[in-house]
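The structure appears right after this line, and notes come after that.
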Amino acid sequence: MDSLSPVIGPKLVVPLRSVRRILGPDLQPNLNRICNKNKKINGMHAENTKPRAASSAAAIDFRDRDWKSKYEDDFQARFNIPHLTDVIEDALPIPSTFCLRMRTPTQDFADGYINNNDRVLLKVINYSSPTSAGAECIDPDCTWVEQWVHRAGPREKIYFKPENVKAAIVTCGGLCPGLNDVIRQIVITLEIYGVKKIVGIPFGYRGFSDKDLSEMPLSRKVVQNVHLSGGSLLGVSRGGPSVSDIVDSMEERGINMLFVLGGNGTHAGANAIHNECRKRRLRVAVVGVPKTIDNDILLMDKTFGFDTAVEEAQRAINSAYIEAHSAYHGIGIVKLMGRSSGFIAMQASLASGQIDICLIPEVSFNLHGPHGVLRHLKYLLETKGSAVVCVAEGAGQDFLQKTNAKDASGNIVFGDIGVHLQHETKKYFKEIGIPADVKYIDPTYMIRAVRANASDGILCTVLGQNAVHGAFAGYSGITVGICNTHYVYLPIPEVISYPRVVDPNSRMWHRCLTSTRQPDFI
Ligand SMILES: Nc1ncnc2c1ncn2[C@@H]1O[C@H](COP(=O)(O)OP(=O)(O)O)[C@@H](O)[C@H]1O
Ligand SMILES: O=P(O)(O)OC[C@H]1O[C@](O)(COP(=O)(O)O)[C@@H](O)[C@@H]1O
Ligand SMILES: [Mg+2]
């Protein structure tokens, strides 16, 4: 049973409104799904009773006076990061070969190392009440609970001799601005440690099994300018071989450090590779760098490429705005990425200040009817003369015919909500006899292919460096991230147990609504 079970379990049953506040934003969507599915468990509605990997193993009884310290201990155990010595007891550390002053001994750099016991606080707001806007609470009183995670960075002791390392980098899933920046920084940092054998696996996990694809030797010289263009130097793909085939291939190639750049799916693969390596008792470090333009990885401030995507989306939104405002009764529709999370649509709407309606997967809406989107568009044409809509790709999927089609990675292929919205809008205004000039823009692949902006460039650089520090420190099955502006190592299962989504009760969504002035479409 997970740590949330006290609120939906038999020991303490609290009103639904309180549960909503208690869960916090990362868990709210579960509650929304819980409520929507309308299945009753312990007097509460629940979608399923399966414990989430991200949650603790032990139930907590809030009547227990020690529940808080038990929760904190449990949290610490969950966020412990796996280490080579967990399974290879005789793995011995050596002094780090990482040195910033290339000509002086490492001792000079002693102050620059991270202590293994350093921690970063995951949540920094102490909510005085569960009714505070956006409150994330563990218990009904919203007691302050400390949640510490491991600080990232170079360690004084390392578990790999650089001359024995063969490091590989693989990029999986869809494109995302910054992939080349991360590849570049991993290579540069590996070389500073003294690693000579660095390779790129071509076209995602597929490169491990496809005999026609050979690994790409990487060096500082090769990667020097790769960050100046978008895409991935190595190529990407979805689908690919089994985990056991991947680990066979790693053994054949002598790879003992694997850096995996990708999203939820890729990280699930990376964690499975880490587990298989453990099972085979291999001295291998598997380290992930979260790549998701949708920003749907749990616990992190943001993932690389997201900032660039929001910035690049401004061009599309501005074009839609110009088109809409230059036409008589113009309506511009922009569809942005976001399979299950509306972060790009929300942030791009906020940034532009030109959006009248923002539609995201996390917030239900009607198209038709007195409170529907179309009726509001009519109102906007009557009052403003034009309107601009920003819709996330995963929004409004209920309106579309389900095909049950899946891509090679098993992701559901969505219907095009942008095209549907355009079609329904045209039809609606034709039917009511009001002229409307509807223009639709889908900038998805134009956005994904651009190079990282300066902010993402820095994020990629730090994440790439920390990935290498983590591997040399002997950690495996971890990923790197930024939490409250500090860089951390997190165990992979904790960040991918479900996609991170926009919390409709969050301050940020409220700010978006304040900016668009859109009503509820229900
Ligand atoms: N549950 C899983 N276990 C192992 N590998 C997975 C899993 N889900 C996806 N993958 C692999 O991860 C890669 C990328 O997954 P995908 O969902 O396409 O992109 P992303 O990593 O961006 O979410 C693919 O090669 C896919 O086969
Ligand atoms: O057309 P493709 O390559 O399958 O990619 C579409 C998907 O790529 C994304 O941009 C990002 O997806 P990933 O995180 O899986 O790479 C999604 O928003 C979108 O659904
Ligand atoms: Mg995915």
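Cβ coordinates come from backbone N, Cα and C, glycine included.
Caution: TrEMBL annotation is automatic and unverified by curators.
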For the ATP site, TrEMBL lists Arg238, Gly239, Gly263, Asn264, Gly265, Thr266; sort out which one of Gly174, Gly178, Gly330 goes with them. Gly174
Additional site residue, Glu382, Glu393, Glu494 [criterion: listed by TrEMBL with Thr292, Ile293, Asp294, Met337, Gly338, Arg339, Tyr445, Met446, Ile447, Arg448 for substrate]: Glu393
Around the Cβ of Gly263 (ATP binding site), how many other Cβ atoms lie within 10 Å? Please give the count over every shown protein chain. 26
Show which residues of the chain containing Asp294 (active site, proton acceptor), separated from it by at least 6 in sequence, have their CB under 8 Å from its CB. Gly263, Phe306, Met337, Gly338, Arg339, Ser340, Ser341, Phe343, Ile344, Pro499
Do any residues at least six apart in sequence from Gly239 (ATP binding site), in the same chain, have a Cβ closer than 8 Å to its Cβ, and if so which, in order? Tyr205, Arg206, Asp407, Ala408, Ser409
Looking only at Gly174, Gly265, the binding-site residues on record, which one has the least crowded Cβ, with the fewest other Cβ atoms within 10 Å? Gly265
Entries of Arg238, Gly239, Asn264, Asp294 (recorded positions) sitting next to ligand 3, with Cβ under 6 Å as the cut-off: Asn264
With the Cβ under 6 Å from ligand 2 as the test, give me the qualifying entries from the recorded positions Gly174, Gly239, Gly263, Asp294. Gly174, Gly263, Asp294
